[in-house]
Structures are given as structure tokens and as C-alpha cells.
Amino acid sequence: MIIGLTGGIASGKSTVSTMLKNEGIPVVDADIVAREVVEPGRSPYLKIVDHFGSTILHEDRTINREKLGKIVFESEKERTVLNQIVHPAVREEMRLQAAEWQKKGHQLIVMDIPLLIESELLHMVDEVLLVYVSPRIQLDRLRTRNNFSIEEANQRIDSQLPIDEKKKFASYVINNEGTLEETRNQVIHLLNEWKKEC
Ligand SMILES: CC(C)(COP(=O)(O)OP(=O)(O)OC[C@H]1O[C@@H](n2cnc3c(N)ncnc32)[C@H](O)[C@@H]1O)[C@@H](O)C(=O)NCCC(=O)NCCS
Ligand SMILES: Nc1ncnc2c1ncn2[C@@H]1O[C@H](COP(=O)(O)OP(=O)(O)OP(=O)(O)O)[C@@H](O)[C@H]1O
């Protein structure tokens, strides 16, 4: 069974995926894969430099994610260009990684995909697990973690489907508004449920 783990930016996907990994569940993480496929020399990297120019590079020619982030979260048009370059490579690599885990005998695999619903990737997973926090908590945690102004944080939140809309697509919801211990208890409860199904 492949579980798609999703949620809004800074809702706690990485927090939950770390808890799942600690319980021995393989997690394929779209954010990590999206970093790997834009390493210098890879095809998406070349396309990004071609479109956005070398001003978005650090001196060592790696991508300056802060600069690129500023451009794409200020412009839907530029974000669409970046998504069209990066997403096909991310999807392909994630499929390969999930297949590797299946070959090793794992029956339960989690794919952590922030844009699972927006990018119409629901066909890649059997069930959707949403990590939920209220929009207020989401804004506060995002601002604190990234040191963003309200405007910068809202740009990123507004680039995604609102978290309350995402809830409608979920078969399971973890409420991450409380303590980490409360979240961990929900993770363990779900794992027990899934293990019965596998
Ligand atoms: C814009 C980039 C350079 C900013 O990099 P940065 O290191 O600051 O952020 P990071 O990659 O860790 O992403 C943090 C979060 O931002 C959100 N986010 C990232 N990309 C997007 C996007 N294209 N649209 C909406 N939200 C996004 C997600 O919630 C993600 O978890 C980077 O996010 C990127 O290359 N995005 C395009 C690829 C993508 O869509 N990744 C998301 C999973 S496929
Ligand atoms: N239950 C919690 N209580 C307090 N802080 C939390 C809790 N869960 C997560 N956080 C904090 O909120 C922030 C966002 O969490 P996390 O990085 O897990 O979110 P994410 O959904 O993976 O983010 P992104 O979309 O950017 O990848 C982090 O700073 C994290 O430490």
C-alpha cells in the first residue's frame, strides 16, 4: 500500500515523516528528490539555468534556492515554468525509489508529496494522509521557521490549495496543532491500523 503524505507548507509533513521513519516505514520525500534532480549537470538543472539565467546560481554553480524561491513565489507564471521543468523528473525518480522499497519486501510505503493534490498525482498513491494545522498555526510556524515576513509567508501559502480544501481529499488526517507527543500518538495509531490492512 502506498500512502501519499501531504499537507500545506509548514503543516508538519517532515515532522510526521520522521516519526514514520523512526518506526521503520520507508518514506520517499518529494522535496529531497526535487533537490537531487536539480544538481549541476542534471537535465532539469540545465533547463533552469537556461530559463532563469545564471544570476540564480551561487558562485559554485549550484542553484541559489533563496533567489529562485523569491522569483517563483512572486510569479505564478515563473512557478509554472519551474514546475514543468522539475516535476516530471521528480515523479519518475519517486516511482523508481518506491519500486526499490517494494522489491526489498516493504508493503507499506509513504510518499511525502507537498503538491500531491495540486499536481494531480493522486493516481500515484492508494490513500491520502493529510497533516492538518489551522491556517493561523500554519502561518505562525512558517514565519518562525523561515524567518519570513507576513507577505513572504502568505505568498507561499497562497501558491498552494488551502489546507481546508486539501482535507476533502484525505482518507486519514493527523491533527498537528498540539504537542509533538500528541502527533506521535496519532502516527502510532494509524500505523497499527495500516498494519492490520497490509
Ligand atoms: C522554489 C524552490 C527553489 C525553493 O526552495 P526552498 O529550499 O526554499 O524550499 P523547499 O524546496 O525545501 O520547499 C519547501 C516547501 O515549499 C513548498 N513548495 C515548494 N515548491 C513549491 C511549488 N512549486 N509550489 C507550491 N509550493 C511549493 C512545499 O510545501 C515545500 O515542502 C524549491 O522549492 C523548488 O525547486 N520548487 C519546485 C519543485 C517543487 O515543486 N517541489 C515541491 C515538491 S515536488
Ligand atoms: N506539533 C508541533 N508543535 C510545534 N512545532 C511544530 C510541530 N510540528 C511541527 N512543528 C514545527 O513547525 C515547522 C514546520 O514543520 P515541518 O518542517 O515538519 O513542516 P513541513 O510540512 O514538512 O514543511 P514544508 O512544507 O516546508 O516541507 C517546523 O519548524 C517544525 O519544527
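Backbone N, Cα and C define each Cβ position, glycine as well.
Positions annotated as ATP binding site by TrEMBL: Ala10, Ser11, Gly12, Lys13, Ser14, Thr15.
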Note the Cβ centroid of Ala10, Ser11, Gly12, Lys13, Ser14, Thr15, the recorded ATP site, then list each other residue of that chain whose Cβ lies within 8 Å of it, in sequence.
Gly7, Val16, Val131, Asn176
By a 10 A CB contact count over all chains shown, which of the binding-site residues listed here is most packed: Lys13, Ser14, Thr15?
Lys13
If I restrict to non-local contacts, at least six residues apart, and a C-beta distance under 8 angstroms, what lies near Ser11 (ATP binding site) in its own chain?
Val131, Tyr132, Val133, Gln138, Ile163, Asn176
Write out the long-range same-chain contacts of Gly12 (ATP binding site), meaning residues 6 or more apart in sequence whose Cβ is under 8 Å from its Cβ.
Val131, Val133, Arg141, Ile174, Asn176, Thr183
For Ala10 (ATP binding site), the number of other Cβ atoms found within 10 Å of its own Cβ:
24
